[in-house]
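Report on the following structure.
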Amino acid sequence: MFSKAFSFQKVFAPARRRLLVLLLAALMAGFGWGLAPVFAARDIPAVALSPTESITFTEAQLAKGKKLFNTACAQCHVGGQTYPNPDVSLKLSDLEGATPPRDNVLAIVDYIKNPVTYDGVESLLEYHPNTQLTSEYPRLRNLTDEDLKLIAGYILVQAKTVPGWGGTKNESHSDLSAYL
């Protein structure tokens with residue numbers, strides 16, 4: 001009974017329907033353009049691959065590096081801190097100051113495989129998680145060199161872009177929660 005009393009065709013004549021379609025299309029386009037800056041990819045800085053070369057990681061690579069870091073490293077390095085030794089962190093100045101410097105992807109990969117003290121004098125193979133002690137640190141067992149590069153890239157990009165990354169307990173980490 002209602003369908004006979006109300007005719008959609010009569011209410012919206014073809015010209016009105018076209019106008020409605022154009023209006024909806026304009027609203028959808030305007031809505032989409034308004035959201036474009038919100039969903040735009042962040043600017044990812046290049047980081048050092050080696051002392052003489054640089055590399056820029058993709059969002060997908062950084063996402064995988066973050067996942068691997070959170071699985072294998074974040075137990076002791078939450079937010080770039082170093083809980084066993086809070087005087088040395090993963091902030092760029094600390095990575096640059098190590099001997100040898102750990103301020104590039106390949107140097108961090110080498111450190112993960114063969115950790116040494118900050119001054120480079122003593123081996124930490126028996127103490128620091130590494131790819132050789134896989135029975136003690138099973139989370140490192142299946143990491144490939146490519147995985148290690150993604151972890152290193154994630155660390156270096158965070159050190160360059162995240163306020164408070166690698167800060168000590170006395171420094172503010174109020175902005176870090178968005179990045180973890």
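One is the number of the first residue shown, and numbering goes on along the chain from there.
Yeah, the Cβs are placed from backbone N, Cα and C, and that goes for glycine too.
Swiss-Prot lists C73, C76, H77, H128 with the feature heme c binding site, giving sequence analysis as the kind of evidence. C73 (heme c binding site) falls outside any helix or strand according to DSSP and counts as coil.
For 1-40, the entry in Swiss-Prot reads signal peptide, with the evidence type sequence analysis.
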Remark   = Counting other C-beta atoms within 10 angstroms, the emptiest spot among the binding-site residues C73, C76 is C76
Key: List of residues, in chain order, with Cβ under 8 A from that of H128 (heme c binding site) and at least 6 apart   = P115
Note = Listed in sequence order, the residues of the same chain lying six or more positions from H77 (heme c binding site) whose CB sits under 8 Å from its CB are F69, Y83, L90
Non-site residues, in chain order, whose CB comes within 8 A of the mean position of the CB atoms of C73, C76, H77, H128 at heme c = A74, Q75, T82, Y83, P84, P129
